[in-house]
Amino acid sequence: MLDISVKAPAKINLTLDVLHRREDGYHDLEMVMTTVDLADRIDLTETSSGISLESTSGFVPHDDRNLAYRAAALIKKRFGIQKGVHIHIHKHIPVAAGLAGGSSDAAAVLKGLNRMWDLGLSVEELAALGLELGSDVPFCVTGGTAIARGRGEILTPLPSPPPCWVILAKPPHGVSTAEVFGALRLEDIRKRPDLDAMVEALRNQDFDGICRNLSNVLEEVTIPAYPQVRRLKERMIRFGGEGVLMSGSGPTVFGLVRRENTAKRVVNGLRGFCRQVYAVRMMGGLEANT
Ligand code: C5P
């Protein structure tokens, strides 16, 4: 019997800045994140005990290496739940892509189990639990558009971008976030995002301003290691991408365009060059997380 189904949308970074390295090994970040209409679906079925997981993707582990599995284990342990759950992940978000797919799956499990087991947890409490699983999970619990600071858990909601299309192109290789942060030399960062300008552009629903202010310091690490990311960016711009950036630690590149026709042109221009290409709608403003 299917009990609960939860949507787990991908996120992109409109800006990403790394402020400094912390004593605990993490970095203090300052970034603007927004959800896009590319989502996994998580079906949760109550069982008598234990946790089991299946997925439509061959690329995700089915045990406690999977963040969604760990989310269920955390809830069971923290609240002393004897019942079990079967998690079925219908995977649509590329894996190890810089799109927070695994974090969003985990957030969806937290939200779904909160309902299934009547735990009565608030969004803030779910986000705090999420931080125990990964830095992007709190944002994935709340969704929408927000400035994320600290490890990623200090969230300030923002107006979402105006309606537009987002082209996502994922090179064949995955990228390890830990390796990218490990290779980042803060003293070498040349260009930092202008957070105020991005916030202003979002407040004014200024599409061109958003495009002009897209900026991610992690490009300086990932692009030299994976030149295909730069080529993808160049190609996206050539075919009509109005604002183009790598998301998170990469390697996915996204392009923003206003018109559907342009979105089609960019997608066609990338086919043959990159196998995983999607054109989806920006969805920060819509309720993405139910
Ligand atoms: O929190 P999460 O497990 O997603 O982070 C993965 C890795 O990314 C961490 O082990 C760390 O190396 C790096 N990271 C960081 N600072 C952050 C978030 C992530 O250094 N704020």
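Backbone N, Cα and C atoms are what each Cβ position is placed from, and that goes for glycine too.
What TrEMBL says about a protein is an automatic prediction, not a curated fact.
The Cβ of K11 (active site) has M33, T34, T35, V36, L99, A100, S104, D136, F139, C140, S247, G248 as same-chain neighbours under 8 Å, each 6 or more residues away in sequence. The active site annotation in TrEMBL covers K11 (among others).
Just so you know, the Cβ of D136 (active site) picks up 29 other Cβ atoms within 10 Å once every protein chain is counted. Marked as active site by TrEMBL: D136 (among others).
DSSP assigns S104 (ATP binding site) to a helix in the three-state reduction. What TrEMBL records for P94, V95, A96, A97, G98, L99, A100, G101, G102, S103, S104 is ATP binding site.
As annotated by TrEMBL, domain 'GHMP kinase N-terminal' applies to 66-144.
Within the model, the domain 'GHMP kinase C-terminal' (198-274) shows a mean pLDDT value of 97, rounded to a whole number. Annotation source TrEMBL lists domain 'GHMP kinase C-terminal' at 198-274.
Apart from P94, V95, A96, A97, G98, L99, A100, G101, G102, S103, S104, the residues listed for ATP, the same chain places the Cβ atoms of A10, I93, G248 within 8 Å of the centroid of those Cβ atoms.
Neighbour density at the Cβ, taken as the number of other Cβ atoms within 10 Å, is lowest among the binding-site residues P94, G98, G102 for P94.
According to DSSP, K11 (active site) sits within a strand segment. Summarised by DSSP class, the composition of the domain 'GHMP kinase C-terminal' (198-274) is 42 helix, 11 strand, 24 coil.
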